[in-house]
Amino acid sequence: MQELPVVSKVDATSSKIQKPSWLRVKLPIGESYKHVRGLVDTHKLHTICESGNCPNMGECWGEGTATFMILGNVCTRSCGFCAVATGRPEPVDWDEPQRVAEAIHLMKVKHAVLTSVDRDELKDGGSIIWYNTIKAVKNLNPDTTLETLIPDFKGNADQVQRIIEAAPEVVSHNMETVERLTRQVRVQAKYHRSLEVLNLLKKGGMRTKTGMMLGLGETKEEVVQSMRDLVNVGCDVLTLGQYLQPTKKHLTVQRFVHPDEFAELREIGYELGFDYVESGPLVRSSYHSEKHVIKGWGRNKWMEEKAQMIHL
Ligand code: SF4
């Protein structure tokens, strides 16, 4: 499953709604960023952070976090929000796991996010390459923590089990939107199948995570209902961010959600029982991902914030 689309390539003038000031992109900064930038350029490495022109790239690379996409750059699905090409993917590259492991080693990445296109044409759904990549990364980089943002594997429990056996620190699978809009936003996916994947991962002992985009036409009540559904399957980490239209051919933005509404949803998420809620207009599913590994970190911070408010 691809990362959320990051910076809209659609000019604000082509959109019916004007882009608000809070979506202004932050520029990459800092020495660590420059170091990683240099390695990426010298070794011609590929990260989704760059190809997605992510607004948080400076901050993530500064923290030693980077996102890699495996299993090629052509997807068998055609989600209405996603900029990845749909078509017939290239044959599986069995050397890819080692190359990804070496890139992470060269870039001295402390926390990596792995994601992939969907490979519905493969018998194993790509789960063997997933397993091999997690293992190769761990072997070469024993201190690097891993989040794996996986597809739904059409709900195939054996394929999901391969991820569990490879034991990354966090396994994420994005719901992307509320139940009513799933058919429109993720044409070949099913809301309850995705919930079941998260359920299987949790039962397998994984720390689980999901991401949703806001501004696609969902109501606040629908978002809260999805949050309840996610808590019911034991989902630990939730990210909520603003949907931005990558090109004119993609789903249009229905609404720019105000930062105050994101803050309110963060509050609701913690109250419902999530261990970590990341909610804001520029939040993408990998944003602050290195912190999502740490059990209790988000919730403790939220509780400290609440305690400070009481003492003000
Ligand atoms: S499954 Fe959907 S979101 Fe993921 S890469 Fe394919 S088209 Fe994009």
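Just so you know, glycine gets a Cβ as well, placed from its N, Cα and C.
Automatic prediction, not curation, is the source of TrEMBL annotations.
Since the structure is predicted, the reported quantities are computational estimates derived from the model, not experimental observations.
As recorded in TrEMBL:
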{"type": "BINDING", "residues": "CYS49, CYS54, CYS60, SER286", "note": "[4Fe-4S] cluster 1 binding site"}
{"type": "DOMAIN", "residues": "61-275", "note": "domain 'Radical SAM core'"}
{"type": "BINDING", "residues": "CYS75, CYS79, CYS82", "note": "[4Fe-4S] cluster 2 binding site"}
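What TrEMBL annotates, mapped onto the structure for a quick look.
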residue: CYS49; record: [4Fe-4S] cluster 1 binding site; DSSP (3 states): helix
residue: CYS54; record: [4Fe-4S] cluster 1 binding site; DSSP (3 states): coil
residue: CYS60; record: [4Fe-4S] cluster 1 binding site; DSSP (3 states): helix
residue: CYS75; record: [4Fe-4S] cluster 2 binding site; DSSP (3 states): strand
residue: CYS82; record: [4Fe-4S] cluster 2 binding site; DSSP (3 states): coil
residue: SER286; record: [4Fe-4S] cluster 1 binding site; DSSP (3 states): coil
Would you mind sorting out which binding-site residues among CYS75, CYS82, SER286 put a C-beta under 6 angstroms from ligand 1? CYS75, CYS82
Can you tell me the CA-to-CA distance separating CYS54 ([4Fe-4S] cluster 1 binding site) and CYS82 ([4Fe-4S] cluster 2 binding site), as a whole number of Å? 14
Check the Cα-Cα distances from CYS60 ([4Fe-4S] cluster 1 binding site) to the binding-site residues CYS75, CYS79, CYS82 and tell me which is shortest. CYS82
Report, as a single number, how many Cβ atoms besides its own are within 10 Å of the Cβ of SER286 ([4Fe-4S] cluster 1 binding site). 29
What is the Cβ neighbour count of CYS54 ([4Fe-4S] cluster 1 binding site) at a 10 Å cut-off, with all protein chains included? 27
Do you know offhand how many angstrom separate CYS79 ([4Fe-4S] cluster 2 binding site) and SER286 ([4Fe-4S] cluster 1 binding site) by C-alpha? 19
